[in-house]
Ligand SMILES: CC(=O)SCCNC(=O)CCNC(=O)[C@H](O)C(C)(C)COP(=O)(O)OP(=O)(O)OC[C@H]1O[C@@H](n2cnc3c(N)ncnc32)[C@H](O)[C@@H]1OP(=O)(O)O
Ligand SMILES: CC(C)C(=O)C(=O)O
């Protein structure tokens, strides 16, 4: 039995934070935080084959294009690949003036010195020091007391201060992470951070970045928000610190935790594009930024061409972005199910009619076009789909706007095809089903229009004469009516004994590409009370209506 019937013997509930007057629940996010991408560090350390310099450069350029201003470019002491990439980037002059790079180091003297060496010549840089502070790490990893663990941080901070002093040409910024903050005693995290601040002497003009990692996400996101609010409220010299968040996604709420903690007063968010990072990943910067965007807040990150971002991220990480990943996944704007399709189609139509820029399309929290996605894939058809689905596809693909009642008539044809094929129906499948159901653009039909002409008689009626092939045999035909359609109906009745009564008629210009054709739809009743539909498509709207009558006649004789 791998799962325990009583998990409480092995796992304990996470304790509450002693905060009775928490402020964050009533706050909202009204401005973007400072964003730091750790794709090239936390992301890179979590992939099977860490990126080479080519991939790191490509990712770096992407981050700059997206608008990220703080980029953790690596862990210089990890090895030559990392060191050379970082020092090469610094020397290349490719770091824009408004972008600052950051590097991470353990709090070990040699590693800190190596980290500074990698940044030699940088205009500005952030050196990020970390050591774990929570009980399990203190006891298991370091085998140290609280005081000894605090001293690791203090010693590291002193080395940082001294190394920075040796390279006065660089505008140095310091960041300290009490790693495992999320599972540490809050007062101890505060104690260690205060000790580091004492060494580095930050000021409001030159603050330290205190990064509070949920190294392992161990509780509901409200707990992390409480922890951050508690930390901020109890930190002396708060004005000399930038409070930064670094969440992981072990419980699947890495973004939620960062959002709530931002409401708790943090200033900065670290994360990765599409949530790469250790284990279940870091806070997804795309999701968090676009969550803000859908609340009307400019996140100051630009995902206008999200597919290009995905392409680069997938190439560099050698990991796919999941089809259901918020905002970016291939399927996240796609509705297969009937009621969703119906609502989305109505939503788009309403959006077109209204003169209101506010987005109000059901089931779509964001306009896919804002991210460079087309509407074509929004609705796709399978056996779970409804009328709205194929009607949308026919409209997008063929420009046909089927009358509502005709959609109901065509629906069983599509449903049958979907059930028979047992797969998604593409636009060509639906078009084939449509042509076959209404005898459109096919030679295989009972009545085939060869030619016709129509003239007005002296009594005002219309006279139609022409040639119709009946099962391949051409026949001269003629008829008279009050209008073109009734003259065709009387021709069919007189020539072939087929009496059809018009119930409804609509026509429209086709709207795809540079098409200048028209479509005509005809609802008819047969003498035995059946309702049948005819469709005509032609460059000439009059001929389209003639074809629609013949299409209905073909339906009548084919049963
Ligand atoms: C939560 C995070 O994501 S933190 C970032 C983690 N990222 C990485 O580790 C990627 C890059 N790291 C590396 O390439 C390697 O770890 C190196 C080259 C930096 C160091 O390698 P090694 O010297 O073999 O040390 P290793 O990483 O295994 O660490 C083990 C030692 O460092 C100590 N240590 C670990 N973290 C820290 C820290 N933040 N500060 C000080 N000491 C630390 C451990 O207690 C252990 O000490 P011990 O040998 O006395 O038991
Ligand atoms: C080094 C820190 C910020 C980290 O990656 C973590 O704790 O997850």
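Sequential numbering from 1, following the chain as shown.
Cβ atoms are placed via backbone N, Cα and C, with glycine included.
As recorded in TrEMBL, the features of this protein are as follows:
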{"type": "DOMAIN", "residues": "33-307", "note": "domain 'Pyruvate carboxyltransferase'"}
{"type": "BINDING", "residues": "42, 246, 248, 282", "note": "Mg(2+) binding site"}
{"type": "REGION", "residues": "441-559", "note": "region 'Regulatory domain'"}
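All features noted in TrEMBL, drawn onto the structure.
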| residue | record | CB count, 10 Å |
| --- | --- | --- |
| 42 | Mg(2+) binding site | 23 |
| 246 | Mg(2+) binding site | 28 |
| 248 | Mg(2+) binding site | 25 |
| 282 | Mg(2+) binding site | 31 |
Residues near the Mg(2+) site, 42, 246, 248, 282 excluded, by Cβ within 8 Å of the Cβ center? 38, 213, 214, 215, 247, 254, 270, 271, 272, 277, 278, 281, 283
On the DSSP side of things, how many residues of the region 'Regulatory domain' (441-559) fall into helix, strand and coil, could you say? 31 helix, 53 strand, 35 coil
Integer mean pLDDT for the region 'Regulatory domain' (441-559): 92
